[in-house]
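*Asks:* Copied straight from TrEMBL:
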DOMAIN    13-48  domain 'EF-hand'
COILED    228-282  coiled coil
REGION    329-386  region 'Disordered'
COMPBIAS  348-360  compositional bias 'Basic and acidic residues'
COMPBIAS  372-386  compositional bias 'Basic and acidic residues'
Amino acid sequence: MATTRVHDNYSADEINALRGIFALYDPEKSGSISAAELESLLEKIGYTGDSKVDILDAAQGMESVSFDDFLDLLEKGQPSQPGEAPDPKVMEFLRILEEYRIKCEEEGNYLEAGRAHEQLDTLRKQEEKRQQKAVRARQISERSDVQIAHNMQYSDFNAAWDRYLEEYDKMAQMYIQQMTERHAVNLLDFQRALQTEMTERPPKWSRELLEWRRRQHMLARQKNYAEAQKIKIIADKLENKEKAALEQSTASLFARKEAQFRQQQQAELQALLKRIDARRKEHIKQRNLDSKRLMQRNRNVQAVLESKQAVESNRIFADIRKNLYQVAYTKAPPPPKSAKTGKKKKSKDVEMESSMKETADFDPAFSDLEDDRNFMEAESKAEPAY
C-alpha cells in the first residue's frame, strides 16, 4: 500500500526498506502496529537515547501507529546528517534487509529475496555516493580554504611591500629636503666668503695709472700745484675707468664661481636622486621576484594538497565499498579513517600555518629599511667636493 503523505526526507528506496521492516512487526498486514511495539521497532532501526525518547513522546496518546504515522515520527526524531561517516540509519537498514533476504532465501521465498537484494544494492549505491559526495565536498572546502589563505597571504605581502615603499619614499624625500636645505645654507656662506674675499683683495691698477699718480705726487712735492691738479684730473678719470672695468670683471668672476658652486651642488643632488631611484628599482625588482616565488609556492602547495586528496579519495572510497558490501550481520561498522576530520583539519591547519610562516620570508625586512636610512643619511651628509 502506497503512502498517502509526502515524506521528503526519505527516498523511495528508503521508504520501501522501512516498509519491509515495519511489516516484520505487522504480521497480520493490517497496516498499523501497536504503540507498545513502536519502541522495539525504533531500537531495531537504530534509534536510541534522546531521538527515541522524542519519538515516543510524540507518539503518546496513539493507540496504533500506521506506516505514514511511523514515517512522520521518524522525521521528528531525525538525527543530524552523518557527514562522511556511514549513516547509522542506512547501515541498520542494510543489516535488517540482509537478514530479511537471508530469511526469505532460507524459506524459499525467492521473489521477496530478490526484491530485498535489489533494495540492498540500491541503498548501498546511494550511501556510497552520499559518502563520496561528502568526502569530495570536504576536499573542495579544504582547497578553497587553502586558496583563501593564499589570497590573504598575497594581499598581506602586497600591503607590506606598499608600506615599505611608502616609508622608503617618505624617507627619501626627507633626506632630499635635508640636502636642499644644507645646499641653501652652504651657498649663502659661499657667497659671503667670496664677497669678503673679493672686497678685501687690493685692486690691480695699470702701469699708466700708476705713472700718472707718480707724476701727480712728484709735482705736488715740488709745489707745482697747478700742474699737479691737471695730472690728478687725468689720473682720476683713468682710475674711475679702470675701477668700473675691475668691478665688472669682479662681478663676472663672482657670477661664474657662484654658477660653478651651484652646478656642483646640483650634481651632488642628482647623484643622490640617481642612487635613490636605483635603490628603489632594486626593491621593486626584489618585490616582483618574491611575488613570483610566493605564487609558485602557493601553486606547489595546491598541487601537493590535490595529490594527497587524490590518494586519500582512493583509500576512503575503497573503505566505503568494503564497509557497505560486506555481509552486515553486526552493527554499523566504525567510520572510515577519513571521518576523523579533527586530525585531518589539524594537519591541514599545521600545513596552512607553515605556509603562512614561509610567506613571511617574502616580506620586506625592517633591517632593509634601516639600510636604506643609513645609505640616504650617508649620502645626504657627505662632504661636498667643491
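Quick reminder: no glycine exception, Cβ is built from N, Cα and C everywhere.
Walk me through the surroundings of each of these features.
*Replies:* Per DSSP, the domain 'EF-hand' (13-48) is made up of 22 helix, 3 strand, 11 coil.
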*Asks:* For the domain 'EF-hand' (13-48), give me same-chain residues lying six or more residues beyond its boundaries with a C-beta closer than 8 angstroms to one of its C-beta atoms, as numbers and ranges.
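*Replies:* Residues 1, 3, 7, 55-56, 59, 62-67, 69-71, 73-74, 77, 88-93, 96-97, 100, 116, 119, 122-123, 126, 332.
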